[in-house]
Structures are given as structure tokens and as C-alpha cells.
Amino acid sequence: MSSPPLSSPVPQVKTTQNGKSPDATVHLLAGAIAGLVSAVTLQPFDLLKTRLQQQQLTTKQEVRTTLTKELKKLTRVKDLWRGTLPSTLRTSIGAGLYFTTLSKMRTSWGEYKQSKDSSINLKSNSSILPKLTAMENLTTGFIARGIVGYITMPITIIKTRFESNLYNYNSMYEGISGIYLDDKKQQQQIRNPSINKGVGGGGSWKNFFKGSVATLARDCPYAGLYVLTYEAFKNDLIPLIIPNSSLSLSSSSSLSSSSSLFVFNDNNRSSIINSTAAVLAASTCTTITAPFDAIKTRLQLTNEEGGSMTTVLKKMLREDGGIKNLFRGLSLRLGRKGISAGISWCIYEELIKSNYFQSKFL
């Protein structure tokens, strides 16, 4: 994406319909609601992806799993939503914190740039968030995701193990205890109060951060690239395809009657632009970071000591399938990420612009 064009001075880096700036509460709540909706709706994609990626942790005699086989193992439809609670907690809290951190970084940097040069135009036609350069989008997304990703790492591991069928946790307590102890025999003892009345010794809180490096190696580049491509699609490419209603009306004499199918009012146009940009950006970045996701899942499901990204990578490449193992579950992740991004970013962008949110929190 090119640098923001120069134009007449713009007094506000971020403005709403009331001329005020959304505070942190608005971004936090809008992000949390967006994350909550997408997490509950798309949990089946995450569950099936996790089970496809865990396959080589089972015995070597087992037949290679497929999506069809995993679906047949499910006895009830609601089993597809196993792990929804930790997933919802992770996504809603994570999305709220991420959107808040990202918006604060972007607006603060935008205000700093305008304090140096008031002629810079940072206004976006479809969003109240400032329009930055490609490198600034990449950097802010990378840093914001790194901070929030590490904070929410314990919930991420609980979510991953709930989705797996290697750990049959029946409650959040069992999940937290099992990860803390990280020993299957001790996990079984916890489930039987007559054997063990509580969490015994030998546990470690470090277990809640297993796979942190792989997770951040996946999420930070993903987030940085995502913000970069999302802003590029939103501000530069898609507006060329979806015309502005005022532009269409002014040139209506030269347009055929069929062109009216592609004319949208400002609110609908911004929603379509934001959702389309989110889906395209998510699909691009998901494919690029797929190997890190496969490694992260394997690390968080194994109990082996001294596991590292390099060790797991070599092991996965030696297994049947070779390099294809690094892209196991990609189609499910593409589907989930694409739809999730379309839902969450559209909801987020529209909520922070809505009159209701403005009247309540501004």
C-alpha cells in the first residue's frame, strides 16, 4: 500500500459521527463482542482442525485420520462445540485486548504524525481508524498481537487440549489441573477424589506457556501481515471495485441501468468493503502462517520434555506425508479465519461507529 496522500489539513485522526473519539472502553467492548460472536459460530472449524493436526501423536498402528473419519467419531452434533468456553474466553478477551491495543497504537502514531505535519490525510472512507503506511500497519499489528498473544497463552493451551480427544477433560478445573501437572496419571487421579483430593506437587505454571514461541511466530507475523493487507484491500483496492453512491449518482447519465446493482449507500458500502477486505487478508495470511499453526498445536498437545520448534518440525517432516503435515487442517483454518475475520472486523468497525455505542461510551 502506498503512503497516505497529501491533502488539506484534517483536524482529527479519528472521528465518529458525533465528532468524538472512541475511548478504550468502546474498542474493548466492540472487540470482545466481535470475538464472542465469531468464536461461538466457528468453534467446529477449530475443533476439527485441532484433531487433524494431532493425528501423529496417536499410535503408529492407527490409520491416518481424515475429516470424514473425525466427523464419524462424533456421537452428537453438540460435540462439535466442545471447548467453546475456553475458546470464547480466549477469543473475546483476546479480541477485545487486541483491538484496544491496536487502535491505541495506531491513533497515537497517527496523532504524532499529524503533530509533525498537519497536511497529512489519515482519514479512511470506510473506517474511523487512521490510515497508515504499509510498514506502520505491519509494525503495529505485529507488536499488538505479540503482547496480547502472550497474555492469553494459558487460555490458548486450555482451548487446544479441550478440542483434542487426547485429553478428555470434563471441566475447566480438570483442564487447568491437567496442564499444571502435565502428567496423564496425575490427571486421572485428579478426576477421582478418593485418590487425590487436589492438585499435587510436581506441577509447573510454565506448562501454561508451552508452545509460546511457535504461537507468537504464527500470530505476530499473521497479525502484522493481516493489518497490512487488510488496510491495503480496504483503502486502495476494493473501493475501486465498489463505487461510492455519490460518485455513481453524479455520473448516472453515463451508466447503464444494470450498473445500479453495484451501487450501495455509504453504510452498506463500508460494511461490504470492510468484510471483503477482512476475508481476503485473512485467507492470504492464514496460508503463509499455516506451518507455525501446525507446530504450535503439536507442541501444546505433547507431554515430552525439551520439545522445541526445531525438534517438532523435524519430527513432522519425517512422518508420513512429509511437508504436507505442516499444512494439515489448512482448509478448515482458511474457512474459519476467513469467515471469522469477515464477521469480527465488520462487527468491530460498525460498532465503534454506531450511534448507540457513541451515546453510551462517548
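Here the Cβ of each residue, glycine as well, is placed from N, Cα and C on the backbone.
Annotated repeat 'Solcar 1' per Swiss-Prot: 22-108, in sequence order, evidence recorded as sequence analysis.
Swiss-Prot lists 28-53 (among others) with the feature transmembrane segment, giving sequence analysis as the kind of evidence.
Marked as transmembrane segment by Swiss-Prot: 83-109 (among others).
According to Swiss-Prot, the repeat 'Solcar 2' annotation covers 132-236.
Tertiary proximity for the transmembrane segment (138-163) is limited to same-chain residues at least six positions away from its ends with a CB under 8 Å from its CB atoms, namely 46-47, 50-51, 82-83, 85-87, 89-90, 93-94, 97-98, 101-102, 105-106, 109, 132, 169, 172, 175-176, 178-179, 207-212, 215-216, 219-228, 297, 300-301. Marked as transmembrane segment by Swiss-Prot on the basis of sequence analysis: 138-163 (among others).
Residues or ranges marked as transmembrane segment by Swiss-Prot: 211-234 (among others). Sequence-distant contacts of the transmembrane segment (211-234) (same chain, at least 6 residues past either end, Cβ-Cβ under 8 Å): 1, 98, 102, 124, 126-127, 131-132, 134, 137-146, 149-150, 153, 156-157, 273-274, 276-278, 280-282, 284-286, 288-289, 292-293, 295-297, 299-300, 308-309, 312, 341, 345.
Annotated repeat 'Solcar 3' per Swiss-Prot: 269-354, in sequence order, evidence recorded as sequence analysis.
Within the chain, the transmembrane segment (273-299) has long-range Cβ neighbours (under 8 A, six or more residues past its boundaries) at 49-50, 53-54, 56-57, 126-127, 160, 210-211, 214-215, 217-219, 221-222, 225-226, 229-231, 233-234, 237-239, 242, 307, 309, 312-313, 316, 325-330, 333-334, 337-346, 349-350. Under the heading transmembrane segment, Swiss-Prot lists 273-299 (among others).
Annotation source Swiss-Prot lists transmembrane segment at 329-347 (among others), citing sequence analysis. Residues of the same chain lying 6 or more positions beyond the ends of the transmembrane segment (329-347) and with a Cβ under 8 Å from any Cβ of it are 30-31, 33-35, 37-38, 41-42, 45-46, 48-50, 52-53, 67, 95, 226, 230, 271, 274-279, 281-283, 285-287, 290, 293-294.
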Please give the average pLDDT for the repeat 'Solcar 2' (132-236) in this predicted model.
79
